[in-house]
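S.K.: Have a look at the structure that comes next, please.
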Amino acid sequence: MKFVDRFRGAVAGMLRRLVVEAMGVALLSALIGVVGSAPAEAFSRPGLPVEYLQVPSPSMGRDIKVQFQNGGANSPALYLLDGLRAQDDFSGWDINTTAFEWYYQSGISVVMPVGGQSSFYSDWYSPACGKAGCQTYKWETFLTSELPQYLQSNKQIKPTGSAAVGLSMAGLSALTLAIYHPDQFIYVGSMSGLLDPSNAMGPSLIGLAMGDAGGYKAADMWGPSTDPAWKRNDPTVNVGTLIANNTRIWMYCGNGKPTELGGNNLPAKLLEGLVRTSNIKFQDGYNAGGGHNAVFNFPDSGTHSWEYWGEQLNDMKPDLQQYLGATPGA
């Protein structure tokens with residue numbers, strides 16, 4: 001009888017977990033469009049010295065569009081990385097914020113790679129095949145080798161001592177770039193990212209989101225969930241490296257409660273609550289490992305929305321300038 005009771009309990013527990021996981025998958029599928037496509041119209045005002053570069057990428061076999069604002073000769077760079085539904089015309093940072101205005105004459109060069117939908121700014125194992133066809137995704141190689149070399153040679157921008165800031169999908173991407181390229185990225189900003197992708201349902205949720213966004217497959221990126229690439233690209237697993245590198249971290253995640261800034265819609269509220277747990281988990285690991293070079297902003301408000309990410313980018317500007325040694329007005 002005890003065996004039967006235990007068996008029934010185990011089955012009931014398994015069913016509960018399956019229901020919860022199914023609800024999570026369904027929820028993410030319904031919500032992931034919250035950072036969806038915006039009009040093909042850049043926000044930056046006329047008169048700002050914004051350039052539209054076509055940077056050769058031998059690794060991806062094509063030129064990559066990059067929006068760029070020069071901060072002066074030998075200035076550090078701020079790489080702004082986009083969300084899951086990154087467009088091919090303009091960066092979401094330019095469409096949805098006044099980032100170029102905020103950082104004009106800051107002494108920091110602003111670099112916005114365009115495109116890379118669902119890429120996680122990673123080097124994929126296989127071609128990225130989606131609804132629009134197939135292409136090669138070698139974004140880590142581009143961001144850490146091809147692009148900085150181009151900017152150094154053509155725009156006199158420092159290839160080291162720079163920052164990577166990403167939102168949503170790119171929150172973990174920015175952290176991963178800093179983990180493996182610490183000389184280039186001494187400062188990293190993560191906003192509302194899912195920071196434990198290898199954990200439990202992480203691979204399934206990411207695969208579902210990528211499929212919904214553009215028909216992409218997570219296995220083409222990092223292989224099956226058992227592949228080491230999932231842990232290799234997990235900031236929470238590798239938090240010790242960030243601590244050892246003494247990387248400066250600025251991390252933000254709201255709790256799903258809107259403020260007067262906006263984002264008062266159900267998808268934005270629920271999705272922010274969904275990713276907050278992984279951010280707190282990262283913070284716990286960072287503190288437990290003795291980390292002491294981070295700013296954690298986890299307010300009792302904020303939704304998965306550009307209004308909050310833009311505010312954070314503006315707020316971190318003095319910290320960025322000081323840490324990168326920028327010379328304002330250059």
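Just so it is clear, glycine is given a Cβ too, placed from its N, Cα and C backbone atoms.
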S.K.: Of the ranges 78-88, 100-110, 265-275, which one does Swiss-Prot flag as region 'Fibronectin-binding'?
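M.R.: Of 78-88, 100-110, 265-275, Swiss-Prot gives region 'Fibronectin-binding' for 100-110.
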S.K.: Using only what Swiss-Prot says about substrate binding by Leu84, Arg85, Ser168, Leu274, Val275, Arg276, Thr277, Lys281, His304, Ser305, Trp306, identify which of Asp63, Asp123, Asp196 is listed for that site too.
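M.R.: Substrate site check in Swiss-Prot: besides Leu84, Arg85, Ser168, Leu274, Val275, Arg276, Thr277, Lys281, His304, Ser305, Trp306, the record includes Asp196 out of Asp63, Asp123, Asp196.
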S.K.: Which of Cys134, Cys253 is the other half of the disulfide bond that Swiss-Prot records for Cys129?
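M.R.: So the cysteine that Swiss-Prot bonds to Cys129 would be Cys134.
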S.K.: Reported as an integer number of Å, what is the Cα distance between Glu272 (active site) and Cys134 (disulfide bond)?
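M.R.: On Cα coordinates alone, these residues lie 31 Å apart.
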S.K.: Whole-number Å only: compute the distance from the Cα of Cys134 (disulfide bond) to the Cα of His304 (active site).
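M.R.: Approximately 29 Å lies between the Cα of Cys134 (disulfide bond) and that of His304 (active site).
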S.K.: Given His304 (active site) and Cys129 (disulfide bond), what distance in Å do their CA atoms have, once rounded to a whole number?
M.R.: 27
S.K.: Say we define neighbours as other CB atoms within 10 Å of the CB. Which of the disulfide-bonded residues Cys129, Cys134 has the fewest?
M.R.: Cys134
S.K.: Of these active-site residues, Glu272, His304, which scores lowest on Cβ atoms within 10 Å?
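M.R.: Fewest other Cβ atoms within 10 Å, among the active-site residues Glu272, His304, is found for Glu272.
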